[in-house]
Amino acid sequence: AVGSGGSTATAGPGAVSAGALEPGTSSAAHRRLKYISLAVLVVQNASLILSIRYARTLPGDRFFATTAVVMAEVLKGLTCLLLLFAQKRGNVKHLVLFLHEAVLVQYMDTLKLAVPSLIYTLQNNLQYVAISNLPAATFQVTYQLKILTTALFSVLMLNRSLSRLQWASLLLLFTGVAIVQAQQAGGGGPRPLDQNPGVGLAAVVASCLSSGFAGVYFEKILKGSSGSVWLRNLQLGLFGTALGLVGLWWAEGTAVAHRGFFFGYTPAVWGVVLNQAFGGLLVAVVVKYADNILKGFATSLSIVLSTVASIRLFGFHVDPLFALGAGLVIGAVYLYSLPRGAAKAIASASAPTSGPCTHQQPPGQPPPPQLSSHHGDLSTEPFLPKSVLVK
């Protein structure tokens with residue numbers, strides 16, 4: 001994942017949308033859950049990026065990013081296996097029979113997950129490259145391009161339609177990211193000599209493209225599928241671990257064999273691995289209580305939090321150009337997350353209110369229900385992080 005990390009992706013079967021709480025749940029409890037969801041989403045979105053940036057800039061031996069990706073996959077897979085074990089009430093025989101049927105007998109269904117797993121493994125490695133070469137705040141802003149790529153792939157692969165306000169917000173998003181990158185190319189304050197903004201930009205753009213395609217592809221696979229979200233993530237974890245090991249061997253195999261798998265691991269590095277592995281699982285649990293606007297608001301807050309923390313931790317300099325670009329991105333994220341009913345209301349606010357086509361609600365009748373972007377299915381949510389998969 002929202003994917004991790006944030007990332008944007010689709011929810012698995014069995015996920016429920018906001019408002020799907022059991023009857024009798026008090027409004028106060030509902031609000032409390034939404035606030036808790038908001039806090040978790042903000043902290044997870046910001047802390048992963050900041051922790052990776054911190055671990056990659058510490059003096060001393062630098063850990064191998066490919067080993068961190070593999071360890072996160074192993075921990076997520078083991079966690080999903082334990083959750084499935086709990087669902088089978090601790091019956092090992094039932095769990096083994098279930099996994100044999102779901103993973104081996106239905107092997108064609110399992111093989112379909114090889115493609116998104118390969119892309120997510122590549123994406124996780126690209127994130128380390130991008131964060132190592134870009135300031136955390138710049139990466140956080142630029143990484144919101146995943147909203148644009150996911151929207152475009154949704155239109156192309158799922159024939160999904162976007163409102164005019166959403167198209168306008170995507171244009172606004174692209175403009176804001178372009179301004180931030182122009183600020184970065186123009187200097188953006190002092191930076192370490194081992195950083196290459198061009199490499200960082202290429203890595204984050206490739207990561208956004210892979211995130212968008214993999215998320216939409218995974219959603220397409222899930223349509224008509226009956227597997228639980230934990231089973232799907234276990235299958236993804238199996239492929240992710242295997243593909244991560246292949247990537248490790250190809251990119252850093254000699255160095256890892258010489259220095260060891262856990263070379264350079266410090267408490268900060270373990271914090272990154274645990275954040276990647278369990279942060280996504282936590283988001284998957286709480287995201288069902290967060291509606292679409294709340295997830296957009298959490299994304300915006302995480303950008304602000306990352307920027308403030310970067311100033312304190314890494315000496316990041318915020319100039320007017322960065323502030324303008326980040327502001328446009330935050331505004332675009334909020335506008336894109338609005339439900340269609342609210343979007344139509346905004347669009348109609350600037351339209352003429354008189355004329356033969358103006359519709360007036362008869363007095364004494366309740367207003368018609370507004371359309372929502374949920375439709376009771378989290379798979380249509382544009383802001384679900386990739387960690388909900390939980391990749």
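The chain as shown is numbered from 1 upward.
Note that Cβ sites are derived from N, Cα and C of the backbone, with glycine treated the same way.
The structure displayed is predicted, hence computed values, not measured ones.
As stated in TrEMBL, the feature transmembrane segment covers range 294-315 out of the listed 96-117, 118-139, 294-315.
At the 8 Å Cβ threshold, with sequence separation of at least 6, the transmembrane segment (321-338) comes into contact with the transmembrane segment (167-186) through 3 or more pairs. A Cβ distance under 8 Å defines the sequence-distant neighbours of the transmembrane segment (167-186), meaning residues of its chain 6+ beyond its ends; these are 134-135, 138, 141-142, 144-145, 147-148, 151, 197, 201, 319, 321-322, 324-333, 335-336.
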